[in-house]
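Enquirer: One structure is given below, represented as structure tokens, and several questions about it will come after.
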Amino acid sequence: MALPHHSVSFSGFSGTNQRSIRGRKIAVKNPPLTRTVWHCSILCRRFCRKTQRASAAEELNPDPGQTQSLRKSSISYSHLKHTGDEQRPEAGFKPCHRGTANGMKSIQALSAESTPGPQNRAAHAQPAEGQTRFPAADPPPAALLLARPPWAELLRARLRHRHCGLGAARRGERRPPGEELYFKNLSKQKQKEDMEKNGNNHKLRVCVATCNRADYSKLAPIMFGIKAEPQFFELDVVVLGSHLIDDYGNTYRMIEQDDFDIHTRLHTIVRGEDEAAMVESVGLALVKLPDVLNRLKPDIMIVHGDRFDALALATSAALMNIRILHIEGGEVSGTIDDSIRHAITKLAHYHVCCTRSAEQHLIAMCEDHDRILLAGCPSYDKLLSAKNKDYMSVIRVWLGEDVKPRDYIVALQHPVTTDIKHSIKMFELTLDALISFNKRTLVLFPNVDAGSKEMVRVMRKKGIEHHPNFRAVKHVPFDQFIQLVAHAGCMIGNSSCGVREVGAFGTPVINLGTRQTGRETGENVLHVRDADTQDKILHALQLQFGKQYPCSKIYGDGNAVPRILKFLKSIDLKEPLQKKFCFPPVKDNISQDIDHILETQSALAVDLGGTNLRVAIVSMKGEIVKKYTQLNPKTYEDRLDLILKMCVEAASEAVNLNCRILGVGISTGGRVNPREGIVLHSTKLIQEWSSVDLRTPISDALHLPVWVDNDGNCAALAERKFGHGKGIENFVTLITGTGIGGGIIHQHELIHGSSFCAAELGHIVVSLDGPECLCGSQGCIEAYASGIALQREAKKLHDEDLLLVEGMSMKNEEVVSAAHLIQAAKLGNTKAESILRTAGTALGLGVVNILHTMNPSLVILSGVLASHYINAVKDVIHRQALSSVKTVDVVVSNLADPALLGAASLVLDYTTRRIY
């Protein structure tokens, strides 16, 4: 590179009073200054050549157009001010072009003014505003001024900023982007050198990575706090993900508007908005991040939340031995976000959580309690002071001039990545309901998750962007979004914002679907889990719109950021990087020898019936390996002794049968507290069987875990694990035997009720003046259809000599039972047939009531009488039930011993979960 042969003098620099540049030779004393001069000379090489060509062209053929071009290409340093023997930049210094609106004079005029002479000397002594001031003792000749190359002027100004520290950037003025970044890098380098020189290198270098508009609203308060304490922290900002996509609002601009320097922008989103695109986006981020982290070398990286972008950040930082601070870990919600959040928790070294429940979850996940901070949500630091600000202008901008507070809706709904098809259908129903509700609505576009493209298609298909009642936007700045939700009549959707932040204002919220299942919510949130019809959503809008609830501070008290900054300051970088897990104490592991591997995992099942006491060894597949039966004793002591004796015998026999007993499950009549293993009270069929603790004595004797539940519930559990109910989400089981019982499975879980009295189906009243039941009431199903009820009716017929028909015989001492009534009906006894028909009708009416109450998809009849009632029940359903439930399946159980199998399932389902 050949520079023009000009001579330029510089005075007033620290270290020496004279510097000279001749050609490519730069005579300087300190290396930093050498780098600065050389950098400026490189920047101005092409510019100098252009200026020389323009000057030569003007001499040969003067042309006003070319002269003007030359003026616009020249760089002025007319804001340099003379003070004593040194020249310093004025407060308004910035490189500017001649011929612009700054009032700069032309080269010819400046040449004339610079000619030696008394008038010109006086002019230099008192220059006009905006003109250059030279030392009065040595004004430069006009020839030298014209000969001085423009790059030297820029170099002179930059060198003065480098050594005097009075540049325009320090006074808040805006430079061109390249020059501004140049001076900032110089300033950072100077600070670092000063710190190393003074031995004061304690600043914590913090990298904050933000992926989307939602996490920036949580991270921004922390970033402001870090920036406000430069003596403790050095902040680097990395932007990636949907921040950089136009379809999602180019939200990186709000980071720039907040005056944060973005160190790196990473385009990491692979478009497609499906599951594969999410995976590819994670992979692309993993490819790009190592280079960025190698350059930044942060002491700690702050990662927020549960997005797939955040997983890539945490993975990269963990593998590169960078400490990770995770914000909002330990929370519970729906979709794949739960798994990602907990995965980041395991990678992170430090945790900031928002609620006491989240803190407990982190401790349960074996995280070190000393590295967990319960701070609250950082966004609440802004939320709790935002409501009283001017909001009407914000509402008018986004919703129109005619909209009043509390008279509009904010809708924000995202795809559910684990059930995309259903979430799109739910979004379509939501829009239909909002159109029908006929209120002004602000609809925000969904996030970048798989399925978002289909949701946008639904919006456009319904014409939402052009509908007079709707305003569809890609992004609203967080400060304005706060004002919009604070004064909305309602917010609807499945965003965590509705569950978390909106509670700070008491704005009504309708949470749709399962995306936020498990989140802690205030009373302002109405959950519509099964938003499968427009009417449900519309009804929720009618219930919630326009209400005002008390403000909720579940997620924060407005002081999260000071706590987080204090926590960051307490981090000791000298501590080992390897994180430790605090595992809870557990029992000794079972030896994995060959005998154990070949053993059959089994359960001891106990069935306490009204007549018999049965104990069985049941395998994991539901096979009854061996069964023991005894008559049920009448007293509590004898009954408990017999249970223990039979269980010990069965456990000993299990060793010979190569069965490993995992626990004991007990099925008993009556009301049971399964949490404590206590029979609260029983029916009259089992005497002395109230307030009985079954778990403690049996567990102490056998050294095994013990589960206890009602026999009807056990029958339902048996169907769920081994029978017709396997894989069915909602079904009901009725067990018909000595009494009538049952169990209800809802969303794959057994319902116990608030006082453990749910599914007492035998005591559903089907007649106001029916026969008396053992419970003391009248007209119960059990009073008509139980084995005891049929036995009672059979005795009446026998006493009237109306029971026996041709083909039947009874011994003198034989006790009349329900079996005799059934036999008589089969042989054509019309009285017996009528009794069975009435019993079946009573049971059918009870089933109809269950269908209208629970709306299950399957009804299972179990027990010895089930096959005799099935046709009567179906007939009653066809005649009495609503048309919407007539299609329900009613089947007879194919399980031989549902009570025993249900008791075994108590053990086999839960021992592997370690819940006891």
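From the backbone N, Cα and C atoms, a Cβ is placed for every residue, glycine too.
So TrEMBL lists these for the protein:
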type	residues	note
REGION	80-141	region 'Disordered'
COMPBIAS	82-91	compositional bias 'Basic and acidic residues'
COMPBIAS	103-118	compositional bias 'Polar residues'
BINDING	Arg671, Thr683, Asp711, Glu760, His763, Glu782	N-acyl-D-mannosamine binding site
ACT_SITE	Asp711	active site
BINDING	His763, Cys773, Cys775, Cys780	Zn(2+) binding site
Enquirer: Cα-Cα, whole number of Å: Glu760 (N-acyl-D-mannosamine binding site) versus Cys773 (Zn(2+) binding site)?
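Expert: Distance between the two Cα atoms comes out at 13 Å.
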Enquirer: Hey, of Arg671, Asp711, His763, which of those binding-site residues are within 10 Å of Cys780 (Zn(2+) binding site), Cα to Cα?
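Expert: Cα within 10 Å of Cys780 (Zn(2+) binding site): His763.
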Enquirer: Relative to the Cβ position of Cys780 (Zn(2+) binding site), how many further Cβ atoms are located within 10 Å?
Expert: 28
Enquirer: Do you see any of the binding-site residues Arg671, Asp711, His763 whose C-alpha is within 10 Å of Cys775 (Zn(2+) binding site), and which ones?
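Expert: Within 10 Å of Cys775 (Zn(2+) binding site): His763.
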Enquirer: If you count Cβ atoms within 10 Å of each one, which of the binding-site residues Arg671, His763 comes out on top?
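Expert: When each Cβ's neighbours within 10 Å are tallied, His763 tops the list.
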Enquirer: Within 10 Å of Cys773 (Zn(2+) binding site) by C-alpha distance: pick out those among the binding-site residues Arg671, Asp711, His763, Glu782, and say none if nothing qualifies.
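Expert: Qualifying among Arg671, Asp711, His763, Glu782: His763, Glu782.
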Enquirer: Which residues of the same chain, at least 6 positions away in sequence, have a Cβ lying under 8 Å from the Cβ of Glu782 (N-acyl-D-mannosamine binding site)?
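Expert: Residues satisfying the criterion: Gly739, Ile740, Gly762, His763, Cys773, Leu774, Cys775, Ile788, Ala789.
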Enquirer: Relative to the Cβ of Asp711 (N-acyl-D-mannosamine binding site), which residues of the same chain, six or more apart in sequence, are found under 8 Å away?
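Expert: Asp711 (N-acyl-D-mannosamine binding site) has long-range Cβ partners Asp607, Leu608, Gly609, Ser667, Thr668, Gly669, Ile735, Gly741, Ala899, Gly902.
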